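Taking it in order: structure first as structure tokens, then the write-up.
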């Protein structure tokens with residue numbers, strides 16, 4: 001099946017199509033991944049009230065947070081990358097193994113320099129596999145004499161049948177900043193983390209892998225990350241949902257944000273140097289796991 005780049009209204013989307021009803025859709029506004037369908041099943045949550053006007057950040061999918069996480073005295077919350085139009089460097093292309101890749105980029109421009117006066121270039125490479133979505137990020141500082149610091153995060157909204165039934169592994173023993181309790185620092189004692197209330201936590205020095213249970217169709221999702229030392233867990237719950245104009249009051253049970261990033265400590269990028277990070281989202285097929293287990297026995 002051919003891969004396509006499709007222009008829509010005032011904004012543009014790029015579609016990676018691997019065949020077998022497995023696709024990934026990226027909106028050039030923020031290079032936001034707005035859909036990831038595997039065998040025609042949507043894996044990402046996008047609010048029914050999300051704005052696609054090319055001005056506001058898209059509520060859902062996987063927005064790209066840079067160069068600031070959270071409120072910013074210089075500009076918009078979570079920085080400007082998620083509200084800036086990105087460039088499609090390489091249109092969707094089928095690789096020799098059947099996977100499909102596309103490459104996007106963002107450079108400093110008049111708008112970004114009016115907020116944050118640094119030269120930079122971000123390269124964002126996405127690869128759609130049969131049951132995996134790969135994200136490869138490079139941030140380059142072309143300046144000859146100026147360093148800059150930045151936060152970066154992939155704000156992943158997972159679609160789930162009921163967030164109260166989800167469990168997240170890989171956080172036990174990690175310290176976290178609890179933004180629901182005035183930024184107090186705690187240590188996670190639970191082997192698996194569950195969400196049953198307003199949750200907004202920055203877990204620090206987390207391992208490279210998390211497994212989230214009871215996502216779409218009751219399956220498990222593996223999140224594997226490289227050079228992203230923090231993991232943010234977020235759900236607005238009832239009261240905060242009502243405060244957001246682009247989020248339905250009744251939508252919070254059907255989403256869970258598990259976000260890989262560099263947010264508790266900024267990255268320092270020296271002149272002429274490059275920072276790289278990556279993430280893989282993988283749907284775990286239990287049949288494959290059990291067969292491996294049997295062989296190992």
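Cβ from N, Cα, C; glycine included.
Features reported for this protein in TrEMBL:
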{"type": "ACT_SITE", "residues": "155", "note": "active site"}
{"type": "ACT_SITE", "residues": "259", "note": "active site"}
{"type": "BINDING", "residues": "59, 77, 82", "note": "substrate binding site"}
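Here the Cα atom of residue 155 (active site) is found 13 Å from that of residue 77 (substrate binding site). The CA atom of residue 259 (active site) is located 14 Å away from the CA atom of residue 59 (substrate binding site). In sequence order, 30, 56, 57, 58, 63, 65, 76, 78, 83, 155 are the residues of the same chain, not among 59, 77, 82, whose CB sits within 8 A of the CB centroid for the substrate site. Taking a C-beta cut-off of under 8 angstroms and a sequence separation of 6 or more, residue 77 (substrate binding site) has the following same-chain neighbours: 68, 70, 71. Cβ-based neighbour count (10 Å, all protein chains) for residue 155 (active site) stands at 24. Residue 82 (substrate binding site) is surrounded by 23 other CB atoms, counting those within 10 A of its CB over all protein chains shown.
Per the record's binding annotation for substrate, residues 59, 77, 82 show a top Cα-Cα distance of 13 Å.
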